[in-house]
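See structure below.
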Amino acid sequence: MMASSYNAKDEDGHHPGSVGSGGPGAVKSKKPDNTAFKQQRLPAWQPILTAGTVLPAFFMIGLIFIPIGIGLLVTSNNIKEFEIDYTGVDMFSPCFNCSQSYSWNSTSACTCSVPFTLDQPFESNVFMYYGLSNFYQNHRRYVKSRDDSQLNGDKSSLLNPSKECEPYRTSDKKSIAPCGAIANSLFNDTLELFYIHPNGSRIAIHLVKTGIAWWTDKHVKFRNPGENNNNLSIVFQDTSKPVNWRKPVYELDPSDPDNNGFINEDFIVWMRTAALPTFRKLYRIIQKKKDNMTPTLPPGNYSLEVIYNYPVRSFDGRKRMILSTISWMGGKNPFLGIAYITVGSVCFFLGVVLLIIHHKYGNRNNNADIPN
Amino acid sequence: TKLNFSSALEEERHVRANDRDYNERFSYADNRIKTAKYNVFTFLPINLFEQFQRFANAYFLVLLILQLIPEISSLSWFTTIVPLVLVLAITAVKDATDDYFRHKSDQQVNTRQSQVLIKGKLQNEKWMNVRVGDIIKLENNQFVAADLLLLSSSEPYGLCYIETAELDGETNLKVRQALTVTSDLGDDVAKLADFSGEVICEPPNNKLDKFTGTLCWKDNKYSLDNEKMLLRGCVLRNTEWCFGLVIFAGLQTKLMQNCGRTKFKRTSIDKLMNTLVLWIFGFLICMGIILAIGNTIWEQKVGSDFWEYLQWKELTINAVFSGFLTFWSYIIILNTVVPISLYVSVEVLRLGHSYFINWDRRMYYSRKDTPAEARTTTLNEELGQVEFIFSDKTGTLTQNIMVFNKCSINGKTYGDVYDEFGHKVDITEKTPCVDFSFNPLMDRKFRFHDSSLVEAIKLEEPLVQEFFRLLALCHTIMPEERNEGELVYQAQSPDEGALVTAARNFGFVFRSRTPETITLYEMGQAVTYQLLAILDFNNVRKRMSVIVRNPKGQLKLYSKGADTILFDRLDPSNEELMFTTSEHLNEFAGEGLRTLALAYKDLDEDVFDEWMKKLLFASTALDNREEKLGALYEEIEQGMLLLGATAIEDKLQEGVPETIACLTLANIKIWVLTGDKLETAMNIGYSCNMLRDDMNTVFIISGHTMLEVQQELSKDKFSSGLDMEKTELYSSDSVFEETIIAEYALIINGHSLAHALEADLEQILVDVACLCKTVICCRVTPLQKALVVELIKRHKRAVTLAIGDGANDVSMIKTAHIGVGISGQEGMQAVLASDYSFAQFRYLQRLLLVHGRWSYHRMCNFLCYFFYKNFAFTLVHFWYGFLCGFSAQTVYDQWFITLFNIVYTSLPVLAMGLFDQDVNEQYSLRFPNLYRPGQLNQLFNKRKFFTCTLQGVCTSFILFFIPYGAFMTAVRDDGAHISDQQTFAVTIATSLVIVVSVQIGLDTNYWTAVNHFFIWGSLAVYFAILFAMHSDGIFTIFPNQFPFIGTARNSLNQKIVWLVILLTTVVCIMPMVAVRFIKADLYPTQTDKVRLLQQATRKQGPQEQNLRRVRRTSSRRSAYAFAHQQGYGELITSGKNMKVPTSSTSTYPLSSPTRGLTGTSSASICKCFRHQKH
């Protein structure tokens, strides 16, 4: 039980005869008001850390955290995740050639195909991520190199982007749209997935490319300039494409006007900068089959077809493709489960230790020896 | 502490009367007093200059400038300027108000009116317009405006009387006499205007009792000394008017020269805080350097390869230069470890604590309608650390009222009141007083509670009558009767006044005297006694007697004196009565009363004639006259009959012994510094229980030369040598010092103190004094008081507090760390110079043990928490540096950084700092040793600082790395990615706010409604602002300022985010809880124990704890030793002090020529009278 109680207003006690309080007509006395606030007698709850409060707290935390941790760990272990590095560092890896001959400006795409095998079926919706390592999306100069007004469709910012975008602000005396280092370094590999049927046929797996960005980003934060003008090429006509891009922003997804220009979801996802130098970003969703009988991705052989555009070798980066199912807690995340179990056990153990210490050495007879 | 303004160059002062042109050549100070610092125009520049001298303010200014450089600005400018402007504004407003009040008080003094002789006419002038060389006229009861040379007065022989209480604390009147040549000028304005004497004298100095100079007038030279000076601060008494020539004015007056410098007082916590801020600053630079080096390496190893994604604007920038810029960027980001809001918050706390002092009803004195007042708002927490109290005596410990309290007549005591069951009743305000209305000449202020004495008088018991007759006859008082029946006694000692007043009320009214007679009104009948001889008092005799012839022609000798002396000279038949009376005397003394024994004797005509002849012969003897007279007195004062004894109370202020006892229990050492005589000081020491009979030794140091003082001091050391050896043996001195302290007391007088304070001896003095439980310094000058305080400040590094009521205490009040003035008295100087003021000494107990302790406790908790909070908040950036390429990227949103200290976390900690009470007021007073941690600096020191910053560092580590671990692979429950920077920022910020809120909850001992409101409110406000700033609406208005749109919604709806927050909070908090619990459980502090006790008793219901009444066990001390001065008998019988012989009813008071008057006392005045009269 929390050792506490309300401190009732102490009696005002012996105040030597209040001579000063004259009649209503008398000169106002300087006697301070007798309010609980001014006399520092506000009623108050005065908790003390006692064995009765602290020890149960430790046990409680132990008892709550360990089950949570176990739950988290089990959930996490039930999530199926498959990860494949397609950077092509290794001489024998399929993308080695592509990784060697990269250039932002090359017009011909280099493609490579990476085979892999899934041992277990992936049920329900499967999420496809690309992961980058050693990529400092959180560098200060990188993070601030964007213009949110421009991305929000502000006309003046479109033509005159913020200084923060330097040195990716203008090219050929035209303002860059979207400006800045983040946009300039947009991840532009194309990943496609094929199921190699045991009979040898390659079945393309349908990858959904919308619904991967946050709703608020897609609908509030990012907007194309010229709200009513569906012809984006006119809207962006006075701007130039980012230096590293192969095509202008209004051609990111010409097939779907709701996914083109600034509101292209791949672009939006990229623009939400990662906190850490190793990160993964949602790329595509593989929706579950309508009949729940067959798994979304049955076990078997697959092939990842990569159109290899994005150079990372220079800074020792890695590119990965990740397939994962999710649960109520998101993706696979063993850290939390283990952390909860550890913290819970430590708390419980501490509780036991404290109990022993308190029992053996604790000064339970505290008030006896107060020298007056 | 000496103050010499222009006088450093002035070797000699020339003042010519009535010649302003001449005097102006020397540019002497005028009489204006200025204590204020600013005026309207200089306020802003000077105040800002002063404020930027504060290290912290300057630091933030530099930061602000740094932030304006775009290359390194890692934070927006508003994160610094908003708090900085706030700080400067609040401080400026406070300084302005303080100065305004100083202006007001200066104004009040400067505009006092005085009459100045200008161009042959008396004109009213303000004090500030008085110049050196002016002649001014003073009237009765006026304050002296400047240091004056007395020229003439309304009294004969150019005498005038002054009260010097404001200067030296002595309340008895002193006499000053003008030169005969100038006193002849009288009040003839024309003559005075023609007066053109020139005074050549010493330059301004602070010696109150010394003045040397010469007056040149009409080709004659007259020497001047202190006897002819009226000093500023004195009050003219019993003198209708007098004229004086201004010699020193304004700041050069002796009063002001004695005031000492007004120093800006800072608390030790303040100083510690400044040191810590410097350390933190060093720490900040270290972190900056580490990160800058990291940045250089990163740029070289990684950044150069990362080039294609992240180019510099200028391609020439290399890694080292990038590191240099990063250093400054990190200095900006990490600047919050030195929180600017710290200074504002500390000021706010102190202001709040000051208000609590002002508002305290238990420090309000209703009789004078004076509440306590915190006049300085920056010292509160130091009130919780006081180790030494230096107290004035008169007016501070005592009320300076002598009261006839009890008496024993013929073996029966009077003065106690008994109820119907025969139990003694404590005398309080409400006890009914004896009705003296039968006596038309009574003194209305006199109170006596035992009616049996009046009954005895009315029954005309002869011994009772004789008792009061003795009191009415045997004294050296001068009566003054302005109107019929309106008697005023001018007593040289208040004791005597009390006795004669008692006799007056009991029907034996001393009405008038001539050199040869004394007229009494005995129960309404005028009776004139012939005064034949006064056998005067001196320190050896310790008694005085008078020989009178009553109207019936009987010769009587009446004697009063110290009991031990008188008992030796009693008739053997009195032995039984002597025994009883002796018992009564012990009883009186036990109550702290000053006692006197009274005896009388019938004299034979023949014997007396014989004796008188011898006396006349002896009084003309050329050598050894004193001894011969003494022997003669001795001869006749034999075989007396005991009448009884009186008991006088030197009324202490209410609750003084209890307060002193309580403060002593709190391990505070109390030193009494008084201008009074040794005996008086000792007596008060006994009645305050500071001196006790069971003390081993009371050392009295009264040497006159350096050598003597040294010997006396070392002798004391020698006598306590045994203990000293022990101390050296064990050398764990603190423990031993305690055991030694219990035994000794040291009493030192002004002369010796002057020597002891010299460089060679001061160490010995400090050592000896600190071994003593009680130290009393008597006969000290105001400056010496300050020097003693200074001495302790220097040698003991302890917090000192000085308390006093008069101008003579000002210097000590200003010197001590904390100065307290007793308000509600006449003079205001002490209060004006003080930091705290209240009406009664006993409130000191509450000020220190309750307010001081709380303030200290609150301030320390506040500081610990504040440093913890800011380290936890800021160092997250440090850890993040390792993962973001040391690029000075912030973890949090800029708005969060701006608001964290001033909005999200400021109010709960302020509420804690304002309202927290670890132990309530009753228990604070009941267990004075709870005060100890403050004296030992235990609650906030460098070690504590390290602990709490370390805690902050750990918290920041946990705050960063748990989310880091969790977010490495985390995705939302809809598969979208969540490990982006903004979510990360929101998660860490939310964890941080929750963790610090829980921590303040743990630190708060006293949860008032305000605390609840602020803590829960802060959390609510955090979330409210978070959602507001991440809302669509504000983004559409300022898209560039609020880029975090939607982050709060999208991250705080994720279970995983909350799981991370919960985990972080628990990991941050629980170790702290465990440590605190273990500490309190295994090694409980005094506070912990009392808190438990308090909680246990609160459950049982409140019980009032009465402080036990302190029992006094002191020995008998004769009132006669205290205030009497030799030589008055002669003065009275010679009639020199009577005014013009025609009016015998109106006479003049006499002053005791006290220490300042360098020996030439009233005796010399008498001699000069004699020359003039005969």
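Yeah, the Cβs are placed from backbone N, Cα and C, and that goes for glycine too.
Features reported for this protein in TrEMBL:
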DOMAIN    B:15-81  domain 'P-type ATPase N-terminal'
TRANSMEM  B:75-93  transmembrane segment
TRANSMEM  B:276-298  transmembrane segment
TRANSMEM  B:318-344  transmembrane segment
BINDING   B:D392, B:T394, B:D805, B:D809  Mg(2+) binding site
BINDING   B:D392, B:K393, B:T394, B:E496, B:F537, B:K560, B:R594, B:T674, B:G675, B:D676, B:R779, B:K785, B:N808, B:D809  ATP binding site
ACT_SITE  B:D392  active site, 4-aspartylphosphate intermediate
DOMAIN    B:831-1085  domain 'P-type ATPase C-terminal'
TRANSMEM  B:862-883  transmembrane segment
TRANSMEM  B:895-915  transmembrane segment
TRANSMEM  B:945-964  transmembrane segment
TRANSMEM  B:984-1002  transmembrane segment
TRANSMEM  B:1014-1036  transmembrane segment
TRANSMEM  B:1056-1078  transmembrane segment
REGION    B:1142-1161  region 'Disordered'
COMPBIAS  B:1142-1154  compositional bias 'Low complexity'
Candidates B:R594, B:G675, B:R779, B:N808 (binding-site residues) with Cα within 10 Å of B:D392 (Mg(2+) binding site):
B:G675, B:N808
Cα-Cα distance linking B:G675 (ATP binding site) and B:D805 (Mg(2+) binding site), given in Å to the nearest integer:
13
Short question: most Cβ pairs under 8 Å with the transmembrane segment (B:1014-1036), which of B:276-298, B:895-915, B:945-964, B:1056-1078?
B:895-915
Tell me the Cβ neighbour count for B:T394 (Mg(2+) binding site), meaning other Cβ atoms within 10 Å of its Cβ, over all protein chains shown.
25
Taking helix as H, G and I and strand as E and B in DSSP, count the residues of the domain 'P-type ATPase N-terminal' (B:15-81) in helix, strand and coil.
33 helix, 2 strand, 32 coil
Is the count of Cβ pairs under 8 Å between the transmembrane segment (B:318-344) and the transmembrane segment (B:945-964), pairs 6 or more apart in sequence, 3 or more?
no
Please work out the number of neighbouring Cβ atoms within 10 Å of the Cβ of B:D809 (Mg(2+) binding site), leaving out its own Cβ.
36
Within-chain partners of the transmembrane segment (B:276-298) [C-beta distance under 8 Å, separation at least 6 from its ends]:
55-56, 59, 319-320, 322-324, 326-328, 330-331, 334-335, 337-338, 867, 878, 881-882, 885-888, 942, 945
Round to a whole number and give the Cα-to-Cα distance in Å for the pair B:F537 (ATP binding site) and B:T394 (Mg(2+) binding site).
24
Distance [Cα-Cα, Å, rounded] between B:R594 (ATP binding site) and B:D809 (Mg(2+) binding site):
26
Rounded Cα separation (Å) that holds between B:T394 (Mg(2+) binding site) and B:R779 (ATP binding site):
12
Least buried of the binding-site residues B:D392, B:F537, B:R779, B:D805, going by other Cβ atoms within 10 Å?
B:R779
Integer Cα-Cα distance in angstrom, B:R779 (ATP binding site) to B:D809 (Mg(2+) binding site):
13
Please give me the CB contact count at 10 A for B:N808 (ATP binding site), counting all chains in the structure.
32
